[in-house]
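K.L.:
Here it is: the structure, laid out below.
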Amino acid sequence: FLMERKTRAKINRKEVMLAKLRKSCSCTPKKLKNFVMDFFPVLRWLPKYHCKEYIWGDVMSGLVIGIILVPQAIAYSLLAGLKPIYSLYTSFFANIIYFLMGTSRHVSVGIFSLISLMVGQVVDRELLLAGFDLNDDAPPALGDGSLQNDSQTNTTAFNLTIAGMNAECGKECYAIGIATALTFVAGVYQVLMGIFRLGFVSMYLSESVLDGFATGASLTILTAQVKYLIGIKIPRSQGHGMLVITWINIFRNISQANLCDVITSAICIVVLVTAKELGDRYKHKLKFPLPTELVVIVVATLVSHYGKLNEVYASSVSGAIPTGFIPPKVPHFNLMLRVAVDALPLAIVSFVFTVSLSEMCAKKYAYTIRANQEMFAVGFCNIIPSFFHSFATSAALAKTLVKTSTGCQTQVSGVISAMVVLLVLLFLAPLFYSLQKCVLACIIIVSLRGALRKFRDVPARYHVNKVDTLVWVVTMSASALISTEIGLLVGIVFSMLCIIARTQRPRTALLGQIQNTSFYEDDLEYENLSSVPKVKIFRFEAPLYYANRNYFLKSLYRLTNLDPNLEAARRKKYEKKEKQHLKKGDHTTANGLGVGETTLQLVPKQIDFQALVVDCSSISFLDTTGVNTLKEILKDYKDLNISVLLACCNPSVIDSLKRGGYFGKDFGSIQEMLFYSIHNAVQFAKDQK
């Protein structure tokens, strides 16, 4: 039977486009109001805020996240290669802006280790190119944008006229200039992606790629913190192979380790890991997570200050953290040009992590987010703070999980967290002067536990899917051994190549009939299948297109044990010999048979089927090459008196075959060539004589 297709109404695409354009360009008060409400979602949900129901959970989660944010912000400044004050600015502004523009109720947006690492790598590279010393203990640089106004001389000043900064600028000033320019460009990219609705780019970052990238970057972060753990002074490595070079320098200088830093690091790591493990084990009994990082920082600062660890043991400390805000400043345009390429992977990674976490929370708590608005929110979380000496931000998994576990209901908790950070910015920041850098390094390393635990999941991941495991290993290795940006690119390209390879060399099979049923399955995979006499059933488990055309033909010829082209050539050669014998007047053939028996000789013994059924259920689409390939096998097998029948084709494949002329001009023979099930095709082949 032949099912009748529905007739589709013709759509005038030009008129549709013009109608959409007129609608989008029209401006009415209602449309303007909806636009503003959509752009600032807080205007929709804040008037409906249930104060009695939500306020306690929001205040508690906001206070807890704020307490966690402060030590993490100070610690992650080491990754970004910037002063701690800039990390605090970043945490403050990101929470306020996401409160106004975000659509997720639970995501915690702010400073994130991977983003800080990517910013720090660009900052270090540009500082090195500008001629600055990357040594953290270099004399403090004063100049335009400096926070300090004492009498120290600027020994690393650099004239930045070529970079668009006309005044003489020190190392710290230039570093934050690079970071803000990078952040501004990344934010612009994210806003442009939102305008042009390019959120689909995130689909190419699979879970294996993201996990591999995070794990590889975590190894890089851990490596960068080891020198602070043991208190040695080695240059910050730059460029490809940073991980290997850093470890070589660490082992070369291991004899210079500071015993005070080593002991402090060991104690801090033991305390932090023990507290984290106990927190994970008894989290169902705890109403909120233990503020272990804050306790460690407070105790370590007091010990360092009263024990004079910096003066007596030369332990490296955070130094002066000023209070208040620096006047806003426009990022330098020429610096933007220098970092425009680096900003692209930063923008994509920041957006992908934010949207994936937002979707995870929305699914868990049964509400919806708007991915496009999330892109705008993250974009402006980068653009606006870049004028206030902040660097790139993203949603952070660890803080988001803490936020949800402490009763967060809305983004009001983000405002509470911002107020905690503001308190530190205005009053408490100078108290962290004596805080050892090795304590900050311990906080960073312990925070990487989740990403580093991915190594334990490799056997289970390999058991589930070997290809995904290979993608994870390649992405992780490239991110750690080459660089984070190149690692991300390698992961994306390699995962795409894996998909292409799967479609280029897919599974192929000959099918047998399940006894006493109308179903057919792979003869090599299942027992007790019966072959159908005089019929071969071939399955190809991929789209048929230009890249796998040859594999399709080779697999078909191999499994059916018949290459129609070779068989046709053999027959032509035989017929040619027959004609030569007849011309000579010899009435016997080359095989000693009479002319009447020649027809029997022409039928090869190895052809044991009269019909070939192609199971198209796994063929999702055909391109021009795919259609021509099917037309080719139709013709070649027809020359051998073998009929080719197609079964289980989807509508798009049928349309491609019709447009390609597979069924002839008037589709008169379509009922004899196309079937809606394998069994129908087999029955037709059996009845055909």
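Using the three backbone atoms N, Cα and C, a Cβ is placed for every residue, glycine included.
Keep in mind that TrEMBL annotations are predicted by a computer and have not been checked by a curator.
Summarising the annotation, TrEMBL assigns transmembrane segment to 54-76, 96-119, 173-192, 212-230, 335-355, 376-398, 410-428, 472-500. According to TrEMBL, the domain 'STAS' annotation covers 525-685.
Mind mapping these onto the model and telling me what they sit next to?
P.N.:
Nonlocal intrachain contacts for the transmembrane segment (96-119), taken as residues 6+ away from its ends with a CB within less than 8 angstroms of a stretch CB, comprise 39-42, 65, 69, 72-73, 76-77, 79-82, 87, 90, 179, 182-183, 213-214, 217-218, 220-221, 224, 342, 345-346, 349-350, 353-354, 357-358, 361-362, 365, 367-370, 373-374, 376-378, 380-381, 384-385, 391-396, 399-400, 402-404, 408-412, 414-415, 417-418, 444, 447-448, 484-485.
Outside the transmembrane segment (335-355), and at least 6 residues removed from its termini, the chain residues within Cβ reach (under 8 Å) are 107, 109, 112, 114-115, 118-119, 122, 126, 163-165, 177-178, 181-182, 184-187, 189-190, 193, 199, 201-202, 205, 210, 213, 369, 371, 374-375, 377-379, 382, 392-397, 484-485, 488-489.
Counting same-chain residues at least six beyond the ends of the transmembrane segment (376-398), those with a Cβ under 8 angstroms from any Cβ of the stretch are 39, 80, 82, 86-87, 89-90, 93-94, 97-98, 101-104, 107-116, 118-119, 145, 176, 179-184, 186-191, 193-194, 325-326, 328-331, 346-347, 349-351, 353-354, 357-358, 447, 450.
In the predicted model, the domain 'STAS' (525-685) has a mean pLDDT of 85.
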K.L.:
Quick one: do the transmembrane segment (54-76) and the transmembrane segment (472-500) reach 3+ CB pairs under 8 Å, ignoring pairs fewer than 6 apart in sequence?
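P.N.:
With fewer than 3 qualifying Cβ pairs, these stretches do not touch.
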K.L.:
Looking at 173-192, 410-428, 472-500, which one has the highest count of Cβ pairs under 8 angstroms to the transmembrane segment (212-230)?
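P.N.:
So the stretch in question is 472-500.
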K.L.:
I need to check the long-range neighbours of the transmembrane segment (472-500): which residues 6 or more away from its ends have a CB within less than 8 Å of a CB in the stretch?
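P.N.:
Contacts with the transmembrane segment (472-500): 114, 117-118, 121, 204-206, 208-209, 211-213, 215-217, 219-220, 239-244, 342, 345, 348-349, 454, 458, 461, 547.
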